[in-house]
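Novice: So TrEMBL lists these for the protein:
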{"type": "TRANSMEM", "residues": "7-26", "note": "transmembrane segment"}
{"type": "TRANSMEM", "residues": "38-55", "note": "transmembrane segment"}
{"type": "TRANSMEM", "residues": "67-91", "note": "transmembrane segment"}
{"type": "TRANSMEM", "residues": "103-125", "note": "transmembrane segment"}
{"type": "TRANSMEM", "residues": "188-211", "note": "transmembrane segment"}
{"type": "TRANSMEM", "residues": "231-248", "note": "transmembrane segment"}
{"type": "TRANSMEM", "residues": "269-289", "note": "transmembrane segment"}
{"type": "TRANSMEM", "residues": "309-326", "note": "transmembrane segment"}
{"type": "TRANSMEM", "residues": "333-350", "note": "transmembrane segment"}
{"type": "TRANSMEM", "residues": "379-397", "note": "transmembrane segment"}
Amino acid sequence: MITTLPGLYLVSVGIVKPAAWLFGWSGSVVCSTGMLRFINLLFSVGNFYLLYLLLGKIHQKNKAVSGFQRILSTLTLAIFPTLYFFTFLYYTDTGSTFFTLFSYLMCLYGNHKTSALLGFCGFMFRQTNIVWTIFCGGSVVAERLNEAWKTELMKKKEEKFSSTKESFSEIIRILQFLIKYIISFKNLVALVVLIWPYILSVSAFFTFVVINGGIVVGDRSNHEACLHFPQLFYFFSFTLFFSFPYLITPCKIGNFLQSLRKHPMYYGILIAISLFLVWKFTYVHKYLLADNRHYTFYIWRKIFQRHEFLKYVLVPVYIFAGWSFTDSLKSKSIFWNLVFFVCLFAVTVPQKLLEFRYFILPFLIYRLNIPFPPLSGQLLEFALYVVVNAVTLHLFLNKTFQWPNSEEIQRFMW
């Protein structure tokens, strides 16, 4: 029934075996539940430090950010509810996040061989992490493209480069530039030389898929890939909830309404497409309907199953959530955004099961790359995470129940 590769178990052996030898502990001690969970606690400490370093590296040019704000943001992300909860259980999420964040940090520092190797370690914890190895390589390419694009604009003596332009003519010019850049053999060779470690890792992944006959190991019948487009809408809504202090503000709402007035036809087409995707591509996994131990079970039963048309009524919320999400990344280059959204699509849409743990890494990478919110927003965000964690842990520890056909104690969790 285990569907992931044995990264967590290999690391566990690498820790408990030396511990047994050094301290003379018996197998029942070093391989106890408490000791195995302690391994994830170590990963959690590592995640805290990596988040601190990543925030410092990504926002190093922002001198207005105080040390307190940086530490507060680090602490807030370290206790991000879906990640924090599984710190205390023997799950793959904490180690998966650790190696992916470490890989991203090494990529930002230009250590691409190390980054690709760490990305492979992340893949050993969860196969879909290969997407974030692609993201690391893609972000390197995006940086090179961004530099070339600015040079191109300077040659034409046009106005100063801006990544926030959204006009149709601007998009056409960027596409023309991309085609011209890619068909250049010299440019392609330069890019391959730059990102070959990532290419090697991705090639190893595809070799695994061919040999394995698919991406999943173990229980394949319940983990089939499909085009579940509404997963993107769920992710945007999930992000809107956990980032509401700076995604739902009077300024954001005002800008959205202004954009709505300026481009009514664009939003009309967007709503029509979204309604079609919800209609034709909504999938409901049997786990979502049967397993009442998770938040998603109750969200689906209390909201989506209340009325057939409610899933369509929520489309305007999805549109606002997606717009707010995209707007908060406008400080990043259009090429970075392109790479990120392709990877976001690849990591969410093929999943049939609505599972909030799948949103951990895309959310963290998003949150790391948006501009620092004001201190009031950060404090509100921190308070939200503390409350959600406290409620979830209380339910898990104190509100146990039993299924009619089982004597085992069941616990509510993410």
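Here the Cβ of each residue, glycine as well, is placed from N, Cα and C on the backbone.
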Novice: Hey, does the transmembrane segment (188-211) touch the transmembrane segment (379-397), meaning at least 3 C-beta pairs closer than 8 angstroms, sequence gap 6 or more?
Specialist: no
Novice: Any chance the transmembrane segment (103-125) and the transmembrane segment (188-211) are in contact, meaning at least three CB pairs closer than 8 A with a sequence separation of 6+?
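Specialist: Yes, these stretches are in contact.
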Novice: Among the recorded stretches 38-55, 67-91, 269-289, 309-326, which has the greatest number of Cβ pairs closer than 8 Å to the transmembrane segment (231-248)?
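Specialist: Comparing 38-55, 67-91, 269-289, 309-326: 309-326 has the most Cβ pairs near the transmembrane segment (231-248).
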Novice: State the non-local partners of the transmembrane segment (333-350) in its own chain: residues 6+ outside its ends, Cβ under 8 Å from one of its Cβ atoms.
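Specialist: Result: 128, 131-132, 134-135, 138-139, 141-143, 145-146, 149, 163, 174, 225-229, 231-232, 234-235, 326, 358-359, 361-362, 365-366, 369.
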